[in-house]
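**Student:** As annotated by TrEMBL, transmembrane segment applies to 20-44, 56-81, 171-191, 211-234. Residues or ranges marked as domain 'Palmitoyltransferase DHHC' in TrEMBL: 128-251.
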Amino acid sequence: MLRRTMDINPFKYCSGLRYLGYLMIFMVLGIIALSYWAVIVLVWGPKLIHGGAPAVLAAFIVLLFHVLLILLTWSYFMVVFRDPGSIPQNWAPELNVNLEEGTSSSSSSLASPWPAPNGSERRSTVGYCSRCQNPRPPRCHHCSVCQKCVFKMDHHCVWVVNCVGARNYKFFLLFLIYTFLETTLNTFALLPKVITLFGEARKHSASPGNLAVMVLAFVLNLAFALSLLCFVIMHATLLWSNTTTIEVYEKKRDKKETASRWKYDLGWRKNVEQVFGTKKALWFLPMFTKDDLDNVPSLQGTHFPVRDDSES
């Protein structure tokens, strides 16, 4: 009876949150459609046919709107459909054999040598997942929604119905950035028209339908722009120090780690390259080169370079 109780895993029911995520996808598409109708169809699109200075400004806003829309949509679906990276079946770390004792590391604290930035080797602890019943690399965590261990897991995002991890964190950051820029553009593009419509509403000359669409689109875009600004700043800070959201809380529990410099902090340039790749021309596009996928350690997810202690 006791064994049967221990075998019950209440976390498996968390996978039902994925169905909520599918609703979020339709919500995102709905907000995009509403914003498009308000900004392009009702406000700035008609100004293109009138000519003059307003047409030039309208052309600029319409062009910028579509460029940002393409980039954010591209980034969004890359986050949704790209596997963040999970432990392959029958994966096992390289055991570090102790020749003096004639034993090898095992159990829940397997040791494996990982390459350091200066070419030397570091010992890094390989954990063990009691739910998957498999060893797991450093910075890997189990997701109760996806029911698997995810490489360099940052968090599970219900908006993208996926975990954010080693291989799609770049796409998630670009989605945040482009959505923030798009919603900010929409807010300022709609503000003059919303003010005008409220004035016309007092005179009962404004269309109730257009007024409702404008106000709703303006409020939603303003709310998302303000909230996304906080997320962009937070994740930019994490990117700068090569830290995940989960690791922030882990470092708070580990007083020793909090007092010292984070071992994965290689300096801002290398930290950015660990997420965005080494090809700077592609930093702002949701894609990687094959060379980066094959050679950037953090994108492989099983080992991570650590800084040299002699630098501190």
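Keep in mind that glycine also has a Cβ here, set from the backbone N, Cα and C atoms.
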**Student:** Hey, which bits of the same chain come close to the transmembrane segment (56-81), Cβ under 8 Å, at least six residues off its ends?
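**Tutor:** 25, 28, 32, 36, 39-40, 44-45, 47-48, 157, 160-162, 164, 168, 171-172, 174-175, 178-179, 181-182, 185-186, 189, 284-287.
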**Student:** Across the whole of the domain 'Palmitoyltransferase DHHC' (128-251), what does the mean pLDDT come to? Round it, please.
**Tutor:** 89
**Student:** Is it possible to list how many residues within the domain 'Palmitoyltransferase DHHC' (128-251) are helical, extended or coil according to DSSP?
**Tutor:** 75 helix, 17 strand, 32 coil
